[in-house]
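Enquirer: As annotated by TrEMBL, transmembrane segment applies to 12-31, 43-64, 90-115, 135-158, 170-190, 210-233, 245-272, 303-327, 348-377.
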Amino acid sequence: MAIRGEFSSRIGFVLAAAGSAVGLGNIWGFPTKVASNGGAAFVLVYLLLAFVLAYPVLMAELIIGRSSRANMVDALGKISGNFVGRATGLWGCVTVSLILAFYAIVGGWMLVYFADAAVSLFGLTSASEWLLTDSVTRNAIFCFLFMALTAFIVVGGVKAGIEKWSVRLMPTLVLLIIALIVYVSFQPGAIEGWSAYLVPDFSRVLDPDLLINAMGQAFFSMSLGVGTMLVYGSYLSKKENLPSIGASVALVDIGVAVIAGMLIIPAMYVALNNGVEIFTPDGALIQGDTLIFKVLPALFDTIGGVGIFVAFTFFALMAIAAVTSSISMLEVPVAYMVESKGLVRKKAVLLMASIIFGLSCIIIVNFSTLFGFVIALTTEYS
């Protein structure tokens with residue numbers, strides 16, 4: 001059996017686990033939920049539910065992982081002592097692989113828009129037009145590049161791969177967000193965005209919709225239920241204090257989500273001030289991929305020459321957020337293949353990355369049918 005890796009430092013684990021949790025959803029989903037559900041009142045409810053409900057689940061995953069020192073399948077098999085535990089672990093590996101299959105497509109889009117900003121800096125109009133034209137070829141190429149980047153990091157193992165890159169990428173992510181917050185805050189319309197994001201509407205605190213949204217965000221934002229925290233926990237030193245380190249992960253994750261909102265919501269209101277529509281026909285704030293790929297690029301187009309540099313920086317941070325999550329997702333099935341099937345890490349990474357990329361290609365070719373279906377299957381029903 002291959003020697004198991006281990007995180008060499010507390011900060012390395014915290015940044016890797018927080019990177020797994022932050023992801024794209026925290027950046028494009030959390031801010032609009034806050035602004036649409038009572039502003040700071042939503043944040044307070046979210047913080048309460050995160051530590052009352054989600055934190056114990058996070059601790060359970062970390063405890064199971066560290067005590068078993070095993071991948072998801074073997075860890076759950078040890079707990080139950082029967083077929084059910086291993087089957088649950090296997091289903092978790094399948095689920096996280098399917099999530100990564102569609103996530104890699106979205107991560108590829110982040111690379112597309114990052115590349116578009118880069119070529120635009122040099123006035124390469126034809127390259128920009130190709131990048132912004134949706135096609136199977138473009139999506140497959142950039143999905144491949146995203147998966148290749150993810151595999152490159154994971155093949156290095158825990159210390160030389162996951163930890164090494166997490167301690168570089170996560171601080172970079174935060175610095176890019178802060179830099180953009182400073183720039184956006186001085187633009188016309190930003191004050192209205194700050195107000196929508198931070199001014200609390202306490203009349204909404206007991207609103208069932210707010211409570212459900214806050215609860216869902218609390219579990220989703222900590223990357224729970226898909227095995228990533230369990231596997232990362234299995235690489236954690238026995239010397240570390242689990243309650244303390246779990247709280248650190250939760251606080252970093254929540255902190256990044258909150259400061260991301262300080263960028264996204266003011267930016268949306270700057271876009272509104274510049275004539276870009278930020279509301280749906282029913283009056284709700286636009287969110288999700290429409291926000292990232294239509295509203296914000298439209299904003300960048302309205303702020304003159306500096307818009308290219310802002311777009312470059314923004315999609316760099318989005319690509320980083322995507323990668324810090326994807327490496328944790330790929331590690332789940334890779335750990336199983338290495339420990340249960342006896343594959344060397346390099347072969348396990350190549351095998352699983354290839355299978356997942358193959359699934360991504362199937363989704364890309366049948367996009368209108370499969371993309372939404374796979375998302376619903378893995379995030380709502382699994």
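Cβ coordinates are placed from backbone N, Cα and C, and glycine is handled just like the others.
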Enquirer: By Cβ distance under 8 Å, which residues at least 6 away from the ends of the transmembrane segment (12-31) in the same chain are close to it?
Expert: 103, 106-107, 110, 159, 162-163, 166-167, 169-171, 173, 197, 217, 220-223, 228-229, 232, 235-236, 240, 245, 248-249, 252-253, 256-258, 260-261, 263-265, 287-289, 291-292, 317-318, 321-322, 324-325, 327-329
Enquirer: Pairs 6 or more apart in sequence, C-beta under 8 angstroms, 3 or more of them: is that satisfied by the transmembrane segment (170-190) and the transmembrane segment (303-327)?
Expert: yes
Enquirer: What same-chain residues lie close to the transmembrane segment (43-64): Cβ under 8 Å, and 6 or more beyond its ends?
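Expert: Contacts of the transmembrane segment (43-64) (Cβ under 8 Å, skipping residues fewer than 6 from its ends): 34, 75-76, 79, 200, 205, 210-211, 214-215, 217-219, 221-222, 224-225, 227, 229-230, 232-233, 236, 242-243, 245-247, 249-250, 254, 258.
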Enquirer: To the transmembrane segment (303-327), which of 135-158, 210-233, 348-377 is linked by the most Cβ pairs under 8 Å?
Expert: 135-158
Enquirer: State the non-local partners of the transmembrane segment (348-377) in its own chain: residues 6+ outside its ends, Cβ under 8 Å from one of its Cβ atoms.
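Expert: Residues 97-98, 100-102, 104-105, 136, 139-140, 143-144, 147-148, 150-151, 154-155, 330, 333-334, 337-338, 341 contact the transmembrane segment (348-377) from elsewhere in the chain.
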Enquirer: Report, as numbers and ranges, every residue of the chain located at least six residues beyond the transmembrane segment (210-233) whose Cβ falls under 8 Å of a Cβ in that stretch; write 'none' if there are none.
Expert: 7, 13, 16-17, 20-23, 25-26, 29-30, 33, 37-38, 41-42, 45-46, 49-50, 53-55, 57-58, 61-66, 71-72, 75, 89, 92-93, 95-96, 99, 204, 249-250, 253-254, 257, 325, 328-329, 331-332, 335
